[in-house]
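Below you'll find the structure, written out as structure tokens, and then a few comments.
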Amino acid sequence: MRGIMAPKDIMTNTHAKSILNSMNSLRKSNTLCDVTLRVEQKDFPAHRIVLAACSDYFCAMFTSELSEKGKPYVDIQGLTASTMEILLDFVYTETVHVTVENVQELLPAACLLQLKGVKQACCEFLESQLDPSNCLGIRDFAETHNCVDLMQAAEVFSQKHFPEVVQHEEFILLSQGEVEKLIKCDEIQVDSEEPVFEAVISWVKHAKKEREGSLPDLLQYVRMPLLTPRYITDVIDTEPFIRCSLQCRDLVDEAKKFHLRPELRTQMQGPRTRAHIRANEVLLVVGGFGSQQSPIDVVEKYDPKTQEWSFLPSITRKRRYVASVSLHDRIYVIGGYDGRSRLSSVECLDYTADEDGVWYSVAPMNVRRGLAGATTLGDMIYVSGGFDGSRRHTSMERYDPNIDQWSMLGDMQTAREGAGLVVASGVIYCLGGYDGLNILNSVEKYDPHTGHWANVTPMATKRSGAGVALLNDHIYVVGGFDGTAHLSSVEAYNIRTDSWTTVTSMTTPRCYVGATVLRGRLYAIAGYDGNSSLSSIECYDPIIDSYGLVTSMGTQRCDAGVCALREK
């Protein structure tokens, strides 16, 4: 051969795998095996060198002066034969089959035998299964077996999903110390202190005799000064547990003083006046009717931390009278009117994408709808009412993103377009709207368990094109059109008492206005004031019962879709 060729190390990608396959075949045929592991009277032939190479437990057993060093049989205690079989398969194949059924046996066994790969696989599997109903149990399980990363992941999950977590049995069964640790954490993500207070009361009521004495100790970690005066007087003052405890009353009086004597607030600063660290939520505004008197496709995002607006990719079809919701880090844009016809089509943007992503189509609704109401409950999207170009609808349908399918549900009692749809305490409320003849003040609610609609107390004012949102256990209805005037008035519905109260009006009349809650405040977005479309945004703080203006959007619009979601 001509020339000088430099030596080169060549590595094949199949060598290690080939050796493992060969050793596994030898194990299964009991060839060259020099030890037998005995578990629950079942024998597992194996090779010491393979076990020692994979497990520090076996390495110590076979290389130290332990009694098992030279024995042909080794009894393994503390695990089942079926688990031993899974672990040996991993040792010889690098593959482990983790399931919901076996993980609670597999992880402790992997810890016992010091099989790091199996332990890691089990932890990753459990992290993928985290849910509000199981995260507290997984956290304890991880702590027991010193799985630090899994323990931290479960802890963060429980903080992020606190309002859902406290609805499940695992929370109710916590010890007092565990409840204290959770509720005093700055990182639990709640829009207000209401779910924290209600979680404490729920925990105490579960075992009243044993837990009633713990209430003052727990209540000191509830940041009651950050609750609204209305909630303090309507809910906390009427709670029998509070009224019977002098220590609890002192904490309530502190909260009242915080509101009644604002000049003393600087002297009252402490753990109970420090807000929880909320997730960085952002506001999305999609489509609508622009200043050029036509539907638009513009999407803007508002970040309350920076108080800045930015543009996201445009939707694929220009739409006004559009509804928008967020679900599992995805934004859905539903129905609307493109200037020619009402739409049944739905677009989706995956907000977890590395880049800004692209909009893509999902299954269309069964009915074409403009000015429909939309909301989410659980893992589903609900859409009701709307106008198809010829008639207003009473129908409601539900979208399941897991199967990309819409299904029809029970009809409302009244056909409505321009109505608001919102969920409170697991019930869907539809508010106001226009039936083709009259602007409505009627309100009906849908129970997903029974599939039936029922009327509740009507609003004080007839409204179509109002914005609706849930904040601190009250449904707020902002602006709209009453048939004569474009409204700046706002009213709030107390779902506990089935009653309405008027709250401070916005500074600007707004019809076809969007409304959503962000970081414990109510945002009224854009709309039409009777003369022109708006780009301005008002922000309502329920604690001080007043509005403030935030940075305006770059685009004037009404009839837009509005939603909030956690920043990626």
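Using N, Cα and C of the backbone, Cβ positions are placed for all residues, glycine too.
Swiss-Prot annotations:
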type   : residues : note
DOMAIN : 33-100   : domain 'BTB'
DOMAIN : 135-236  : domain 'BACK'
REPEAT : 282-329  : repeat 'Kelch 1'
REPEAT : 331-379  : repeat 'Kelch 2'
REPEAT : 380-426  : repeat 'Kelch 3'
REPEAT : 427-473  : repeat 'Kelch 4'
REPEAT : 474-520  : repeat 'Kelch 5'
REPEAT : 522-567  : repeat 'Kelch 6'
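Per DSSP, the domain 'BACK' (135-236) is made up of 75 helix, 0 strand, 27 coil. Within the model, the domain 'BTB' (33-100) shows a mean pLDDT value of 88, rounded to a whole number.
Each residue in the repeat 'Kelch 5' (474-520) gets a DSSP state, and the totals come to 0 helix, 23 strand, 24 coil. Secondary structure by DSSP for the domain 'BTB' (33-100): 32 helix, 13 strand, 23 coil.
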